[in-house]
Amino acid sequence: MFTFLKIILWLFSLALASAININDITFSNLEITPLTANKQPDQGWTATFDFSIADASSIREGDEFTLSMPHVYRIKLLNSSQTATISLADGTEAFKCYVSQQAAYLYENTTFTCTAQNDLSSYNTIDGSITFSLNFSDGGSSYEYELENAKFFKSGPMLVKLGNQMSDVVNFDPAAFTENVFHSGRSTGYGSFESYHLGMYCPNGYFLGGTEKIDYDSSNNNVDLDCSSVQVYSSNDFNDWWFPQSYNDTNADVTCFGSNLWITLDEKLYDGEMLWVNALQSLPANVNTIDHALEFQYTCLDTIANTTYATQFSTTREFIVYQGRNLGTASAKSSFISTTTTDLTSINTSAYSTGSISTVETGNRTTSEVISHVVTTSTKLSPTATTSLTIAQTSIYSTDSNITVGTDIHTTSEVISDVETISRETASTVVAAPTSTTGWTGAMNTYISQFTSSSFATINSTPIISSSAVFETSDASIVNVHTENITNTAAVPSEEPTFVNATRNSLNSFCSSKQPSSPSSYTSSPLVSSLSVSKTLLSTSFTPSVPTSNTYIKTKNTGYFEHTALTTSSVGLNSFSETAVSSQGTKIDTFLVSSLIAYPSSASGSQLSGIQQNFTSTSLMISTYEGKASIFFSAELGSIIFLLLSYLLF
């Protein structure tokens with residue numbers, strides 16, 4: 001049993017020792033602004049600042065960083081638990097922050113601590129912003145640190161530091177003493193309220209004696225007066241907010257009971273001395289106002305008029321405890337390796353950065369940031385045919401996103417710049433359909449087509465697609481032709497359209513019984529009696545990082561057979577166009593199909609009287625915006641391609 005307890009204690013000690021301070025953190029950009037129109041140090045203020053952790057790779061759960069702030073009376077957060085959580089955009093709780101020490105009237109410094117709620121070692125850096133409410137300690141008692149701070153603060157512009165890394169110039173207003181009594185009060189953070197009253201004022205002379213009665217709970221809010229905390233002294237040395245910088249003892253008779261304090265002083269106070277009282281009261285939960293009722297009766301000697309006069313008055317002072325504010329935002333950059341395997345035996349390894357941002361609690365603050373991403377992808381596809389296609393692509397683009405998190409409206413605009421380099425070696429697949437004869441006894445030419453497509457164009461320094469083609473056939477009447485058309489377009493600024501035009505040459509061949517003497521008429525065989533079909537499928541697949549553009553094709557087909565993306569000498573012209581329009585996407589599969597389909601004449605037993613070879617010029621136009629462009633085939637040809645590719649791959 002003793003050994004078991006030793007193990008428990010050892011594990012507990014180990015857990016405490018494993019939590020380390022995060023020292024590689026910097027604080028900057030401090031802004032201190034007033035919460036109210038009253039710009040005195042002991043009133044409410046808002047502090048906002050940035051923090052940055054340059055190397056987050058060693059941060060584990062339980063690690064923490066602390067900001068120590070002298071001259072700060074207390075920090076006040078929004079919720080009742082007095083904690084603030086800073087989360088990332090993916091929902092990960094990065095830090096939970098709390099006030100580990102309120103200086104109040106007890107300590108020299110107020111400390112603010114943030115503890116890591118999760119293992120954050122997967123992030124390279126963490127940057128964020130923190131906002132909370134505070135008030136400064138500028139005196140009001142005989143407590144050691146409050147008395148020191150009464151001498152520190154001055155009215156007017158003043159450089160105020162929070163910690164040892166950041167500071168801000170704050171313009172403090174002085175306090176006016178226009179009545180017979182001056183009041184001040186603030187909550188301590190320890191379930192109590194500290195109040196200060198200054199009175200027994202005798203202008204043009206000195207104080208002869210009198211009484212002062214204070215009810216610290218005139219509204220019956222169950223506020224208890226801490227009689228042991230009562231301080232009754234005199235002073236004529238005050239700072240700009242009428243708090244004593246030094247004080248003198250008195251022989252006052254002090255009676256404390258319940259929420260009441262009675263003070264009787266039968267001695268003279270010279271040279272502008274006045275009587276001040278400091279006391280602590282309990283602060284019940286959910287109590288936001290505290291009312292003090294004061295009664296004064298005292299006698300003064302006017303040395304100028306050489307007269308003695310009595311002053312008697314009563315007043316009520318209401319203290320309102322303001323609600324605290326806090327706001328926390330954070331962004332992180334992560335680095336990790338991901339591996340993906342597809343049915344094409346493709347392995348993609350990418351090292352890249354992701355960015356996130358979030359807004360926690362309440363407040364209204366906008367944070368703009370730029371996150372740079374670098375992506376490198378290397379893909380090697382196992383060859384399945386003899387025709388090679390090499391595609392090199394480099395793309396640079398930017399995207400925008402807005403995120404709003406928390407109870408207040410908080411928008412963070414994020415600009416992400418991505419640089420991606422893709423190098424691929426892809427093989428094509430050739431599928432040859434068997435030759436068959438139906439309803440035709442004459443001579444027949446069999447066409448076997450092989451199509452090689454490679455392409456290159458430039459959009460904003462981004463290589464994309466143009467075309468070339470090689471056609472081979474056993475028919476000596478058709479000449480082997482290699483056509484290559486490349487169009488380059490220089491980079492243009494973002495949000496300006498870029499147009500890339502490429503020309504694809506195609507062959508439409510017709511089997512007909514057209515007579516040479518009558519070029520304007522011909523007859524054709526029924527489409528149902530096809531002779532042969534030879535198809536070549538070239539499939540290239542790549543994954544660019546840019547959003548894609550959809551391409552749709554308008555084509556005019558003849559009634560006989562059609563060669564798509566093939567070239568030869570021809571006597572006629574026909575055309576179809578492809579137009580690219582902007583759309584969103586992250587992957588594009590490009591399929592090019594060439595087909596040769598022969599149909600016989602309707603005359604039984606006749607020979608093909610001639611071949612009409614129809615040259616088709618294909619115009620491809622790609623419209624890009626903000627540097628985003630790629631190709632995706634759709635419409636009728638796209639549907640055929642998709643079915644063919646699905647059949648081959650699956």
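Numbering starts at 1 and runs along the chain as displayed.
Every residue, even glycine, has its Cβ placed from backbone N, Cα and C.
Quick look at what Swiss-Prot annotates:
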SIGNAL    1-19  signal peptide
DISULFID  CYS97-CYS114  disulfide bond
CARBOHYD  ASN109  N-linked glycosylation site
DISULFID  CYS202-CYS300  disulfide bond
CARBOHYD  ASN248  N-linked glycosylation site
CARBOHYD  THR303  O-linked glycosylation site
CARBOHYD  THR315  O-linked glycosylation site
CARBOHYD  SER335  O-linked glycosylation site
CARBOHYD  SER338  O-linked glycosylation site
CARBOHYD  THR339  O-linked glycosylation site
REGION    339-423  region '2 X 40 AA tandem repeats'
CARBOHYD  THR341  O-linked glycosylation site
CARBOHYD  THR345  O-linked glycosylation site
CARBOHYD  THR349  O-linked glycosylation site
CARBOHYD  ASN402  N-linked glycosylation site
CARBOHYD  ASN501  N-linked glycosylation site
LIPID     GLY627  GPI-anchor amidated glycine
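A map of Swiss-Prot features onto the structure.
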| residue | record | DSSP class |
| --- | --- | --- |
| CYS97 | disulfide bond | strand |
| ASN109 | N-linked glycosylation site | strand |
| CYS114 | disulfide bond | strand |
| CYS202 | disulfide bond | coil |
| ASN248 | N-linked glycosylation site | strand |
| CYS300 | disulfide bond | strand |
| THR315 | O-linked glycosylation site | strand |
* To do: Using Cβ-Cβ distances, find the residues under 8 Å from ASN109 (N-linked glycosylation site) that belong to the same chain and are at least 6 apart in sequence, listing them in sequence order.
  => SER68, MET69, PRO70, VAL72, GLN101, ALA103
* Structure fact -> For CYS114 (disulfide bond), the nonlocal same-chain Cβ neighbours (under 8 Å, six or more residues apart) come out as GLU64, PHE65, THR66, ILE86, PHE95, LYS96, CYS97
* Asked: In Å, rounded, how far does the Cα of THR315 (O-linked glycosylation site) sit from the Cα of CYS202 (disulfide bond)?
  -> 18
* Asked: Measuring Cα to Cα, how many angstrom lie between THR303 (O-linked glycosylation site) and ASN248 (N-linked glycosylation site)?
  -> 23
* To do: Please report how many Å separate the Cα atom of CYS202 (disulfide bond) from that of ASN248 (N-linked glycosylation site), as a whole number.
  => 17
* To do: Using a 10 Å cut-off, grab the number of neighbouring Cβ atoms around the Cβ of CYS97 (disulfide bond), all chains included.
  => 26
* CYS300 (disulfide bond) to ASN248 (N-linked glycosylation site): how many Å between their Cα atoms? -> 19
* Far apart in sequence but close in space: which same-chain residues, 6 or more away, have a Cβ under 8 Å from ASN248 (N-linked glycosylation site)? -> TYR233, SER234, SER235, GLU273
